[in-house]
Amino acid sequence: MSYETKEKNLEDYSAGEPQQTVTDEINHQDADVNLALADDPHRGLRMRHVQLIAISGSIGSALFVSIGNPLTSAGPLGLLIGVAIWCAVVWAASNCLIEMTCLLPVDGGFIHYAGRFVDKSFGMALGWNYVITQLALICFELVSLNVIVEYWTLTLHPAIIISVGLVAFFIIQIWSVRWFGEIEFYISITKVFLMIGLTLYTFITMVGGNPIHDKYGFRFWKTPGPFAGEVNFRKVLTGIFDSLSWATFAVVGPDYISLIGGEVKNPRRILPKAFNSTIYRIVCFYLTGALSVGIVSSSTDESLLGAIAAGAPGAAKSPYVISMNRLGIPVLPSLVNALILISIFSTGNSFTFVASRSLFSLAQKGQAPAILKRVNKHGVPWVAVCVTLAFGCLSYLSVSSGTVKVLNWWINLVGAAQLVSWTCIAITYLRFRKGLKSQNLLNTDYLPVRGYLQPFSGWYVLVWSPIVFFFSGYYLFYPGSFAGPDFVFAYGSIFIFLAIYIGSKVYQTTVKKDKRFIIPADQIDFVSDVDHIDALTQASEAKRARKPQTMGQKISDFFF
C-alpha cells in the first residue's frame, strides 16, 4: 500500500474511529497486498519446475545421438577435453547470471539486463539474436522428432510428425505457466532416468555385464587410442576444437534460468539454488556423458562412421545403440530411441517457452510489435507463443530439402548465435559490476547472492566465446573447402547482430536524441523494480512461514 493511500484512510477514519482500528485496517490491507504479491499467477514456477526446466532445456538429442560426431573426429579423450573446456565457460556464465538475476528476477532476464546495464540498442540486438537462436532450436528439435521416428518406420510422412509436435507445443504453452511447468516437470524426469540408465549401462557392460561377457573396460582408450586418427599436434587440436564447437550447441542451461526468473515464485529463494546446481548438471550429464560415450564406442567403429556418413535415422547413429548392437543386446535400442524421442519433445517444448518469453520481453521494451505484449488471464503471452510456433513451421523445409541437410543448417546457425549470446552476457555482467563499483554498491550487502570467482568468471566467458566463434568455421579456409552457404551459417549471426545494433543505434541517435554509445557506469539503474522484488520476497517468506510444508513439499525441496 502506498503512503498516500494510508494517509487517505487515516483521514476517513479520523471522524470518530479509534486509532487502533485504523491501524488494524491498514495492516489488514497491507497483508492483502502482500498475499496478492505472493500469489501472482504470472509467477507460477516452483523450485522443482525451475530445476527440471533447466535440465529439459539443456539435455536434448545432441547428448545421446550427435555426440558420435565429435567422438569420431577427436577420440574419447579429445571429446572429454573439448566438452570440459566449454562446460567451464557455461559454469562461469552461470556465476555472472546468478548475481544479476537474483537481484532483478524480471521478465526477459539477461536480455533485459543488456538494455539496462549496457545500452538499449545492445539489448535489442542481443534479444533478437537470442530469439533467432531459440527459433532455430525449435526447428531443429521438430526435425529431430521425425528423424527419431524414422528409426522404426520410413513410411510416415515427415510433415505429420512435425505437425503433431507443433500442436502439442501449442496445447502445453497456451494456457498457464503452471500448466507448462507441471507437464515439463514430469516429462523432464524421463531425461534424468535416461541419463542415469545410460551411465549404469556403461558401467555394467564395461565390467562384463553383457550377453557376450566382454569385459572391455577402457579398451577403446588404448586401441585405437585417446585421440582419433593419426596423432599429431594439428590433428589433436582440431579434434578438440570440433568437440568444443559441438559443446557450444549442446551445453546450455543457466540462460534459461535467467529468462524464466520473472515467472518464479519467491525467486530469491529458488533461483540461487537453481543456478548453484549448474555445476552438478554439468558433471552428472555432460562430462559423464562424454566419458561414457568414449568408453562404450570406438572412434573408428565402422558402424558409427557408416551411420554418420549415411545420415542414419534416430538412435541408429547413437554410440550407445551401436554399442548395444555390438554386444548383442535386444530390445534396449528401441527403448533408448523411445526415451530420446520424449527427450527431444521436452527440449523443443522448453525452447518454445523461452523463445516466446524473449519476444514478449522485446515487445515490452518497444523493440518488437506491441501486439506481442498481449497476455491471457494467467499472464501467458499467448500472441508471442503463437508467433513462435508459426516460425516453427520452417521445420517443413525438411520435407523438400532433406532432413540431414536441414539439421546441419540449424546446428550451424544455433552454435554461432549461442556464442554471440554468451559474449553479450559477459559484457553485460562486466558493465553491471562496473556500475555497482561506480555507485559504491559492490562491496556492500546490496547483492542478495554473489557468484564464484568474480570478476574472473566474467572475463573467462568474454575471452573464450569470441575465440571459439572466430575459429568455428576454420575448415572453410582449407584450400578448396570454402562454401558460401556454410560460411553464412557459421558466421552470419554476427552480421545479423551488428545490423540490428547499428540500425537501433541510428534510430536512438537521430530520433530519440540519445547520443550515448554506452550507459555511463554511474547512471546505470539499480533502483527500478528492486523495491517490488524486495516486497515480493518478504511476502513469499511470510507466507512460507505461516503455511507448514507438507511431507511431499519437504521431499521435493530435498531433491530439488
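Glycine is no exception: its Cβ is also placed from the backbone N, Cα and C atoms.
Worth saying up front: this structure is predicted, and the values here are computed from it rather than measured.
Marked as domain 'Amino acid permease/ SLC12A' by TrEMBL: 49-511. Feature annotation from TrEMBL assigns transmembrane segment to 52-71, 77-106, 127-148, 160-180, 192-212, 236-257, 278-296, 335-360, 380-397, 409-430, 459-477, 489-507.
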Using Cβ distances below 8 Å and needing 3 or more such pairs, separated by at least 6 in sequence, tell me whether the transmembrane segment (459-477) contacts the transmembrane segment (236-257).
yes
Among 160-180, 278-296, 335-360, 489-507, which stretch has the most Cβ pairs under 8 Å to the transmembrane segment (127-148)?
335-360
Taken over the domain 'Amino acid permease/ SLC12A' (49-511), the model's mean pLDDT:
86
Please report, as numbers and ranges, the same-chain residues at least 6 past the borders of the transmembrane segment (409-430) whose CB is under 8 Å from any CB of it.
66, 89, 93, 96-97, 99-100, 110, 113-114, 117-118, 122, 125-126, 129-130, 132-133, 136-137, 139-140, 143, 245, 248-249, 252, 255, 455, 458-459, 461-462, 465-466, 468-469, 472, 486, 489-494, 497
The transmembrane segment (192-212) vs the transmembrane segment (335-360): 3 or more CB pairs under 8 Å:
yes
Outside the transmembrane segment (77-106), six or more residues from its ends: residues with CB under 8 Å to it:
67, 70-71, 112-113, 117, 221, 226-228, 236, 239-248, 251-255, 257-258, 261-262, 264, 267-268, 271-272, 275-276, 278-279, 282, 286-287, 290-291, 293-294, 422, 425-426, 428-429, 432, 446-454, 456-458, 460-461, 464-465, 468, 526, 529-530, 533
Excluding the flanking five residues on each side, which residues at least 6 beyond the ends of the transmembrane segment (160-180) place their CB within less than 8 Å of a CB in that stretch?
41-42, 44-45, 138, 141-143, 145-146, 149, 263, 345, 348-349, 352-353, 356, 376, 378-380, 382, 385-386, 389, 392-393, 395-396, 398
Cβ under 8 Å, sequence separation of at least 6 from the ends of the transmembrane segment (278-296): give me the contacting residues as numbers and ranges.
54-55, 58-59, 63-64, 67-68, 71, 75-77, 79-80, 83-84, 87, 90-91, 94, 195, 198-199, 201-202, 205-206, 217-218, 220-221, 243, 247, 250-251, 253-254, 319-320, 323
